[in-house]
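The following features are taken from TrEMBL:
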BINDING   Cys27  Zn(2+) binding site
DISULFID  Cys27-Cys98  disulfide bond
DISULFID  Cys29-Cys127  disulfide bond
DISULFID  Cys39-Cys152  disulfide bond
DISULFID  Cys154-Cys201  disulfide bond
DISULFID  Cys159-Cys164  disulfide bond
DISULFID  Cys172-Cys193  disulfide bond
DOMAIN    27-152  domain 'NTR'
SIGNAL    1-26  signal peptide
SITE      Asn40  site 'Involved in metalloproteinase-binding'
SITE      Lys67  site 'Involved in metalloproteinase-binding'
Amino acid sequence: MTWSINSCFITLVVLFLWRVEDIAEACSCSPAHPQQAFCNADVVIRAKVVGKKVVEAGNDVYGNTIKRIKYDIKQIKMFKGPDRDIDAIFTAPSSAVCGVTLETNGNKEYLFTGKLETDGTMHVTLCDFIESWEAMSATQKKSLTQRYESGCKCKIIRCTSIPCTISAPEECLWTDWVMEKSHSGPQAQHFACINRSDGSCAWYRGIAPPKKEFLDIEDP
């Protein structure tokens, strides 16, 4: 009976440690406004995914083989990045380590934001802004060509609870979560935080370029 109890105890300990390791490896990142994702990315492209395979990417400190998912893509347009086409993107093999799962039939168009590694390859994670092109708003699509870039010196502050405030004139308060309980609310869908002539920043809504002087949350 004692052996049986000890065996059960050891099994529970092993399961607990496995679960702790699983939690420790879980992917965690703070949501970002599409403009923040654009400004922080090395590469922003519109593309279709046409293939997928598992590749080796060296070894970790313990000598274990590191595996990555390679997605072959067909680039449609580059909004930010190197002066060449991107034909593949790489990601981790599991969502637990922020790996991304994509449709590979070549029918769905995506907007990808990601990092450019020293070897010239593009890597994406669940923390990057990756969205179906069809699901994006007209303002988001238009903002990729100029609007977001013009506001990269601004800082978007995510409001998670009331009250929340900005602490500097170059900040814009992002309230989608507290107002809509979603990070894809009106400010993410239709607004950009851009510089005004006095050096401060403010939310701007609309597809047309803003006037030299504009009010906060102004429609063109």
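From the backbone N, Cα and C atoms, a Cβ is placed for every residue, glycine too.
Note: TrEMBL annotation is automatic and uncurated.
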Candidate with sparsest Cβ neighbourhood (10 Å radius) among Cys29, Cys127, Cys159, the listed disulfide-bonded residues: Cys29
Cys39 (disulfide bond): tally of other CB atoms within 10 A of its CB: 21
Count of other CB atoms lying within 10 Å of the CB belonging to Cys172 (disulfide bond): 25
Cβ-Cβ distance under 8 Å to the residue listed as 'Zn(2+) binding site', same chain, at least six residues away: Ser95, Ala96, Val97, Cys98, Gly99, Thr125, Leu126, Cys127
Disulfide-bonded residues compared (Cys98, Cys164) - the one with the fewest other Cβ atoms within 10 Å: Cys164
C-alpha spacing of Asn40 (site 'Involved in metalloproteinase-binding') relative to Cys193 (disulfide bond), in angstrom: 14
Pairwise CA distance, Cys164 (disulfide bond) versus Cys152 (disulfide bond), rounded so that it is a whole Å: 22
Separation of alpha carbons, Cys29 (disulfide bond) and Cys39 (disulfide bond) (Å): 17
Cys201 (disulfide bond): nearby recorded positions from Lys67, Cys159, Cys172, Cα cut-off 10 Å: Cys172
